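Per Swiss-Prot, these features apply:
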- ASP138: active site, proton acceptor (ACT_SITE)
- LEU17, GLY18, HIS19, GLY20, SER21, TYR22, SER23, THR24, VAL25, LYS41: ATP binding site (BINDING)
- 459-468: compositional bias 'Polar residues' (COMPBIAS)
- 469-483: compositional bias 'Low complexity' (COMPBIAS)
- 697-721: compositional bias 'Polar residues' (COMPBIAS)
- 740-758: compositional bias 'Polar residues' (COMPBIAS)
- 771-782: compositional bias 'Polar residues' (COMPBIAS)
- 789-803: compositional bias 'Polar residues' (COMPBIAS)
- 804-817: compositional bias 'Low complexity' (COMPBIAS)
- 818-831: compositional bias 'Polar residues' (COMPBIAS)
- 11-293: domain 'Protein kinase' (DOMAIN)
- SER696: phosphoserine (MOD_RES)
- SER753: phosphoserine (MOD_RES)
- SER871: phosphoserine (MOD_RES)
- 435-484: region 'Disordered' (REGION)
- 675-850: region 'Disordered' (REGION)
Amino acid sequence: MTSRKRSPHDFIFKEELGHGSYSTVFKALDKKSPNKIYAIKVCSKKHIIKEAKVKYVTIEKNTMNLLAQKHHAGIIKLYYTFHDEENLYFVLDFAPGGELLSLLHKMGTFNDIWTRHFTAQLIDALEFIHSHGIIHRDLKPENVLLDRDGRLMITDFGAAATIDPSLSGDSAKFNSDSNGSKDNQNCASFVGTAEYVSPELLLYNQCGYGSDIWALGCMIYQFVQGQPPFRGENELKTFEKIVALDYPWGPNNRINNSTSPINPLVINLVQKILVIEVNERISLEQIKRHPYFSKVDWNDKIKIWRGIWQSQGQSLQQTTLGLPNIPQNILPTRQLHVIDTPARSIQITKQKRKKPTKISNTTSSIVVWRKRLGISTGKDDLGTVPSTTPAVTAPNDTNVLTNTAAHSTANIALPPNSQSNQVKRAQLVAPNRIPPKVPVINDNVRNKSIPRTKPNVPPLQTSSIPQKLSTSSASSALSAPSTEIRNQDLTHTLDGRNSIDIHVLKQDYVFIYGIPYEHEGPAMSLNSYNKIDNDLITSLVAQHKEELKNSESFLQVLTLKKSGMLSYKNTVMEGNDDQENKEHQMANIEDTDLSMYDFEFNELTRKGFLILEKYKNRIWFISLPSYSTLSKIPFNAVKSSTINNNENWVDCFFRARQLLEEKQILDKISNVSFDSKASSEPSSPPPISRKERPLSIGNNVTTLSYTAKNGSQNNAPQNDNVGEEKPFRIPSSTKDRPGANSTPSSRHPRVLSSNNAGETPKKMNGRLPNSAPSTNTYTNGSVPAFNHRPSTNVGNNKHNILTSKKQGSSVFSPSSSTTKPQIKTTGYRQPTPSPPLPQMEFPTTREKYSAPSNMVISSSRYEVLHTLNNSQTNFDREIASRGASAAFRSLQKSKKKK
């Protein structure tokens, strides 16, 4: 290290090399020595502080400064560090060979010579790191670079820990619960990548030198097999495989070495490294004495650190040019990154581009969307960092989308006003289940509805209208303006022969190529498949791109509905109507066996593939036709067949999931809210029927009140008219109120004085026989609540009482044709409130479950609500206190209970 002060002005910044969790790496030239090439890591101060990355930057700087004191060929060297007002700068070795993972993806697997040579270099480098009291804690092929000659160089020490107390306190963490093993000082913080995490970190929340050796064993296996040994459908499954040693070479599996012979010595070496107990895991010194390295002279450092291209007389350029032109940034499917978060606001970066082949941080990758992860819940439970960041925070966030160029800011999955949009969507799916809709109806609405209603409406019309029709009519009376405008806008874009389906989220022309699953067939071909991974998909696309595009046959119209159902129709370009009218069901977004992959999918450039996989059933390669192909289709046909072409397909898939989750939450809320659906079901004792209620008018009866939790009925003395109240009617009788003789008799629709006795049969004959009132019934002064069902249920009566207490009794309006002006009635009731109302405790319960009208409750919020309010909860707060180990045990515990 030199003490001369440097600054960004001393360097010429070239192209961007990669993107890390909190930094961007550039190729740079020294202005004073142009022949010197460096890699400069630029860290945004604003982002570091915002994302709480100061700790990791300090760790990396201190660790690399310590290692740079004695330069080692296998360690990236730190030359200078400096900063300006906006950024921190790390001047590092330039590695023109790229990442080791990129080379592995190109080669598929390494032969025995390369495997032994790379492993020997890793062992020597790890021995040097451990000799300085440093644990890397995130060793994986992505964090190993290659120089021009093919030598390995370990990088990315942001997760490192040290047992040297001379370093920063954040860099070293000591565990007092040491078991006295050979790595007797361990770190107790959760870092690393899911597929390389050691079992002691999961089981005991400890990490030592043996954790790096475990990661080395995983890498040796990956060199030979092409993929890590432990790979689950999600992080929890991966962790379970790790602690169970569930991998092809594990003790419980029979090794099939006939198809592709593997050196048995390397199998034996991996089996001795991948051991659960740290005390039984072989050390680096024992690995060096293993028979697999019998021909390696560990004292001959020159031979060990000879580059692979150097030893074979090949240059880096010859090797890379000789490889097939396959995208090298393709990620292994289901490989999930645990610790990294995409950088977002580094000022010096002009064009955001993900770090090549970085897990969850690449633009040319297959991004896994396994529905069973839940996108947020599955990862949050494990303490993973990337999933806690919403996809809307930046258009280049690869947790949702991998190709940033394909999605402009106008097409982000959740726009800033997404909350209001979510409310509208939820109302469209189930408009009768949202409690906040009730208080919208105020006195003005009720007062205006009475004069418009004529008293002599024929009651026979109500009996001739079916229940289903009357309910929908009542619903449209409240929400018709917004619905009609929306339908007019949508139908205006369609052909006159077609009518739009409001349940369709998106519909457009695509190419679809389906490949069925066959257990005995090839791994992956155009005709069948029995295995899926990134290498197979990459090879298939590279060799059969035109066939998958299917551009010479016909187009399909792909339809995604709000119910989550995905289907398509064939649209033959020649005009064959037989295939066009047949609908083919593909899958439902809610299907737990459905996965979605993004292979360079870009809707703007119409390139790449959106891949859907139904587990052991079929794979669909979905691509978009070019604009020239679309121009051959008649304009009217395009207009009539495309819906919502302003929103991209990936966003619509996530929106469909969101709508389904919202519907599930609405179903949960409906079980605890006071809507008519929950209370319309019979329970014991049964509520008083409509036909029996007129007989009890004027008598004191005991009504049934529902508990807020499960809807059970309790006998409680209440006002005699509460059980028979229409929605938003006055819950009292003129006979029971003080001073009732001077009160207008129409205050209760069913309690009439002798002046109105003649109209009683006329009005009741029209209402009593029916289970659902018609539109005419509602316009007679009775505005429906919730789902506009009849008012015989107790749930609506309870809500009426809630509204009267919160807004005052003046919100209720009479509906009798002989009613005096509403102002008089309201003015008279104020000095004489109903006596039973102050005794009711329902408003407290309603506050517990209701939500503001502009907020949609997510499933996690709903569960937290009930967890915090449930005194008998089974959630163990002590277990899920810190780290991956705690999260793993907590999830294991919850899984056993299920």
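Backbone N, Cα and C define each Cβ position, glycine as well.
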Where SER23 (ATP binding site) sits in the secondary structure, as DSSP reduces it to three classes:
strand
Please average pLDDT over the domain 'Protein kinase' (11-293) for the predicted structure.
85
In whole Å, how far does the CA atom of VAL25 (ATP binding site) lie from that of ASP138 (active site, proton acceptor)?
19
Note down the number of other Cβ atoms within 10 Å of the Cβ of LEU17 (ATP binding site), including every protein chain shown.
20
Can you tell me the CA-to-CA distance separating ASP138 (active site, proton acceptor) and HIS19 (ATP binding site), as a whole number of Å?
17
Counting other Cβ atoms within 10 Å, pick out the least crowded of the recorded positions SER23, VAL25, ASP138.
VAL25
